[in-house]
Amino acid sequence: MNEVMVIKEGWLQKRGEYIKTWRPRYFLLKSDGSFIGYKEKPDSTEHSLLPPLNNFSVAECQLMKTERPRPNTFVIRCLQWTTVIERTFHVDTPEEREEWIIAIQTVANGLKNQVPEDEEEEAMEVKYGSPSDVSSAEQMDVAMSKGRPKVTMNDFDYLKLLGKGTFGKVILVREKATGLYYAMKILRKEVIIAKDEVAHTLTESRVLQNTKHPFLTGLKYAFQTSDRLCFVMEYANGGELFFHLSRERVFTEDRARFYGAEIVSALEYLHSRNVVYRDIKLENLMLDKDGHVKITDFGLCKEGITDGATMRTFCGTPEYLAPEVLEDNDYGRAVDWWGLGVVMYEMMCGRLPFYNQDHERLFELILMEETRFPRTLSPEAKSLLAGLLKKDPKQRLGGGPDDAQEVMSHGFFASINWQDVTERKLSPPFKPQVTSEIDTRYFDDEFTAQSITLTPPDRYDNLDALESEQRPHFPQFSYSSSIRE
């Protein structure tokens with residue numbers, strides 16, 4: 001095994017991702033492609049001991065020189081875990097910039113043919129350029145029985161539009177063979193590729209396939225056509241918590257406790273499987289027909305996070321971003337407990353803990369402002385929210401090695417039997433008044449009133465004959481599993 005060497009080191013000015021200020025960072029570029037930044041210059045013995053503020057890989061990177069927003073700026077476009085990121089740096093002279101660019105490019109070129117065989121399968125390697133340039137190393141371990149008939153668009157009746165987003169739409173469908181109802185998420189490949197969301201989408205598919213928990217949305221099938229990816233998921237027709245809270249303005253503490261407990265149970269399960277959710281927000285929390293929580297939309301999940309492991313990709317809704325994300329630092333599982341704090345604050349207080357239409361001001365509030373609580377809150381609720389919304393992730397409730405157990409043992413949840421939570425034995429405080437599987441009263445009629453337009457079915461007739469090499473971005477995407485076991 002080759003010894004990892006420091007190829008180049010020195011001070012760089014790095015631009016913040018959200019708060020666009022320049023911060024001095026001492027960076028080390030190593031022969032294994034790691035590009036790590038520290039607040040202070042570490043001495044040689046500290047390299048492996050000090051936790052870095054920034055940790056990137058220059059493998060498969062692209063480099064760009066620019067004189068904006070400052071002279072002698074360069075941008076690195078690279079893969080951070082499974083997401084394509086861009087980071088902006090600035091130095092004092094053109095010569096210094098050239099030295100860094102040559103060093104980074106040399107390391108990146110040297111790594112091109114050195115991917116170990118055992119890592120090749122796991123690396124979801126996103127390359128840049130035209131679709132044909134994308135490596136088929138973007139693979140997913142899909143346990144799929146070979147004898148099972150393949151699923152196509154023709155296997156479903158398309159009933160109602162449930163939602164629309166940047167990448168596609170969600171439609172209420174009925175499986176023709178069984179008469180069962182599902183939510184089908186249809187994503188347009190060209191948009192996913194254009195917006196560098198390939199890795200996020202593959203992550204969503206893999207997380208959905210490998211998780212089974214009462215409060216996580218189950219995946220029934222995943223398949224693709226020539227231009228679309230389709231997830232056929234459990235259909236939760238109780239509506240988004242956002243929908244209900246926006247109509248009721250505030251929930252009682254008991255009701256918030258119930259939803260909070262089910263979210264904690266789901267996060268404990270994900271964290272135990274080394275998955276950090278990262279995008280807890282009301283819009284991603286659905287209710288099923290009985291009133292239990294279903295967490296949806298796994299596109300922002302980051303896989304492979306263990307205690308103490310951190311990640312450096314930017315995603316999430318601005319109002320829900322944790323301070324450590326804004327401060328441009330590595331972050332770990334504690335971001336989910338911050339997210340829980342924000343949604344529980346919304347439920348019990350009827351507003352976001354920090355809000356401003358101006359994002360720069362919003363980020364300032366998240367970083368600096370003390371959390372304020374209405375006088376109507378109980379001491380236990382106040383204590384829980386204050387703990388979850390601690391700025392320092394190490395001090396945050398749930399931020400220690402015990403993770404979810406810290407949250408579960410808080411006084412606010414003293415009345416909760418956690419075994420009963422997981423077994424769905426607690427009575428939901430609100431039961432959606434749905435009269436049938438196709439009752440969409442809790443979905444926005446902005447969508448449900450629209451007619452569904454799909455490409456004519458004959459476009460899909462022979463798509464399952466496509467070989468994986470004709471699908472360079474999404475090989476082995478298909479999946480089939482019984483939700484109702």
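Backbone N, Cα and C define each Cβ position, glycine as well.
As recorded in Swiss-Prot, the features of this protein are as follows:
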type: ACT_SITE; residues: Asp279; note: active site, proton acceptor
type: BINDING; residues: Leu162, Gly163, Lys164, Gly165, Thr166, Phe167, Gly168, Lys169, Val170, Lys185; note: ATP binding site
type: DOMAIN; residues: 5-109; note: domain 'PH'
type: DOMAIN; residues: 156-413; note: domain 'Protein kinase'
type: DOMAIN; residues: 414-485; note: domain 'AGC-kinase C-terminal'
type: CARBOHYD; residues: Ser132; note: O-linked glycosylation site
type: CARBOHYD; residues: Ser135; note: O-linked glycosylation site
type: CARBOHYD; residues: Thr310; note: O-linked glycosylation site
type: CARBOHYD; residues: Thr317; note: O-linked glycosylation site
type: CARBOHYD; residues: Ser478; note: O-linked glycosylation site
type: MOD_RES; residues: Thr313; note: phosphothreonine
type: MOD_RES; residues: Ser478; note: phosphoserine
By DSSP, how many residues in the domain 'PH' (5-109) are helix, how many strand, and how many coil?
16 helix, 49 strand, 40 coil
Reduced DSSP state (H/G/I helix, E/B strand, rest coil) at Asp279 (active site, proton acceptor) is coil
Restricted to the domain 'PH' (5-109), the mean pLDDT of the model is 85
If you tally other C-beta atoms within 10 angstroms for each of the binding-site residues Leu162, Lys164, the top scorer is Leu162
All chains considered, the count of other Cβ atoms within 10 Å of the Cβ of Gly168 (ATP binding site) is 20
Rounded Cα distance, in Å, between the residue listed as 'active site, proton acceptor' and Gly168 (ATP binding site) is 19
So what sits near Val170 (ATP binding site) in its own chain, CB-to-CB under 8 Å and at least six residues off in sequence?
Leu161, Leu162, Gly163, Lys164, Ala183, Met184, Lys185, Ile186
Under a three-state reading of DSSP, tell me whether Lys164 (ATP binding site) is helix, strand or coil.
strand
Note down the number of other Cβ atoms within 10 Å of the Cβ of Asp279 (active site, proton acceptor), including every protein chain shown.
21
